[in-house]
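Enquirer: I'd like to ask you about the structure that follows.
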Amino acid sequence: MGQKFNHGVLFYHEHSGLKDIYEGLGEVTKSLTTMCKHLSIQLSENEGDIIKYCERIKNQEYSSDVDIVFILGGDGTVNELVNGVLANDLNVPIGIIPGGTFNDFTKTLNLNPNFSKASEQLKTSHLESYDVMKVNGTYVLNFVGLGLIVQNAENVQEGRKDIFGKLSYVGSTVKTLMNPEDFDYTLTVDDKELNGNTSMLVVANGPNIGGSRIPLMDLSPQDGKLNSFIFDKQSFTILNDVFKKRDSMDWNEITNGIDHIAGKHITLSTDPVMKVDIDGEISLETPITIEVLPKALQILTFPENAEQ
């Protein structure tokens, strides 16, 4: 049994991606009530509500004894909770339960993609500290991307992601790869400046993006470093492999096609101005400044070699 918490708050959206959110809540609360003496279930009706609730928890207007917060949802909802906790300097740990199309960071936490199994796993999970990115004042747990990764997400949004789920990503990937939009960039990583032209650029904290693992052995969201990847726009094969999620790819061995630079402080400007995807939400534009906040967040993590 995991540690006993005094008062946990479980946040959820009605449109979380689960087939039946209320049935899902019933399954999840079975596990969470064994971890918390008191469990509050809080609906987030509008974007930004979770951040407001976190502010109320910080000011002890919600309750004076909250010592853990849970989220049932996809990466965008997780991102909102991360911002709520860090922006309000709320010194409480987080438990994440997958409930969206992609749940990249729950893979990093060794959690099952099934919400019911994942909530069961939380009972035997332990707290670990994770790095967080701060991007123009917004907190980001997993990745920052621009170029093809934004185009792909927008092509999905034009379709019916809510109905087709992951299937919608396949058609949009083909559409995206056939029409890449190039841009000029100036990227500074610590003291190193790079200039060039590309169709995709990614800065990763976590090792999983878009439903699959970045094939780079030493990528960790606990090492105090961020990893920038610049993709050669001419290398269609590599881009195709990246989007088709071929697990056999090893980016460590690729010298032509992907530039990889690790560092702690990043600035990025582009021409033209580009939209920026943060953890699946397209909410920023270039120029951006990114810094790593080492071990900024405590998150429940399932033991790596434990039985799923």
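Numbers here mean position along the shown chain, with the first residue as 1.
In case you wondered, yes, glycine gets a Cβ from its N, Cα and C as well.
For reference, Swiss-Prot lists these features for the protein:
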ACT_SITE  GLU281  active site, proton acceptor
BINDING   SER44, GLY74, ASP75, GLY76, THR77, VAL78, ASN79, GLU80, THR101  ATP binding site
BINDING   SER220, ASP223, LYS225  Mg(2+) binding site
DOMAIN    1-139  domain 'DAGKc'
Enquirer: Report the nearest neighbour of THR77 (ATP binding site) in space among the recorded positions SER220, LYS225, GLU281, comparing Cα positions.
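Expert: Closest recorded candidate to THR77 (ATP binding site) by Cα: GLU281.
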Enquirer: Let me know the model's mean pLDDT on the domain 'DAGKc' (1-139).
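Expert: Overall, the domain 'DAGKc' (1-139) comes to a mean pLDDT of 90.
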Enquirer: Take the Cβ of THR77 (ATP binding site) and count every other Cβ within 10 Å, whichever protein chain it belongs to.
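Expert: Counting Cβ neighbours of THR77 (ATP binding site) within 10 Å gives 27.
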Enquirer: Using C-alpha positions only, work out which of the binding-site residues ASP75, SER220, ASP223 is nearest to GLU281 (active site, proton acceptor).
Expert: ASP75
Enquirer: Report, in whole Å, the straight Cα-to-Cα distance of ASP223 (Mg(2+) binding site) from ASP75 (ATP binding site).
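Expert: ASP223 (Mg(2+) binding site) has its Cα 21 Å from the Cα of ASP75 (ATP binding site).
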Enquirer: Could you state the whole-number distance in Å separating the C-alpha atoms of SER44 (ATP binding site) and SER220 (Mg(2+) binding site)?
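Expert: Just about 31 Å between their Cα atoms.
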Enquirer: According to DSSP, which of helix, strand or coil covers THR77 (ATP binding site)?
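Expert: In three-state terms, THR77 (ATP binding site) counts as helix.
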Enquirer: Within 8 Å of the centroid of the Cβ atoms of SER220, ASP223, LYS225, which other residues of that chain place their own Cβ, given that this set defines the recorded Mg(2+) site?
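Expert: Not counting the recorded site residues, we get ASP131, ASP218, LEU219, PRO221, GLN222, GLY224, ASN227, ALA262.
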Enquirer: If one measures from the C-alpha of SER220 (Mg(2+) binding site) to the C-alpha of ASN79 (ATP binding site), what distance in angstrom results, rounded to a whole number?
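Expert: That comes out at 18 Å between the alpha carbons.
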Enquirer: Could you tell me which of these binding-site residues, SER44, ASN79, SER220, has the fewest other Cβ atoms within 10 Å of its Cβ?
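Expert: It is SER220 that, of the binding-site residues SER44, ASN79, SER220, has the fewest other Cβ atoms within 10 Å.
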Enquirer: Taking DSSP three-state, what's GLU281 (active site, proton acceptor) in: helix, strand or coil?
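Expert: GLU281 (active site, proton acceptor) sits in a strand per DSSP.
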Enquirer: Near the Cβ of LYS225 (Mg(2+) binding site), how many other Cβ atoms are there if near means within 10 Å?
Expert: 18
Enquirer: Using DSSP reduced to three states, classify ASP223 (Mg(2+) binding site) as helix, strand or coil.
Expert: coil
Enquirer: Measuring Cα to Cα, how far is ASP223 (Mg(2+) binding site) from ASN79 (ATP binding site) in Å?
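Expert: Rounded to a whole number, the Cα-Cα distance is 20 Å.
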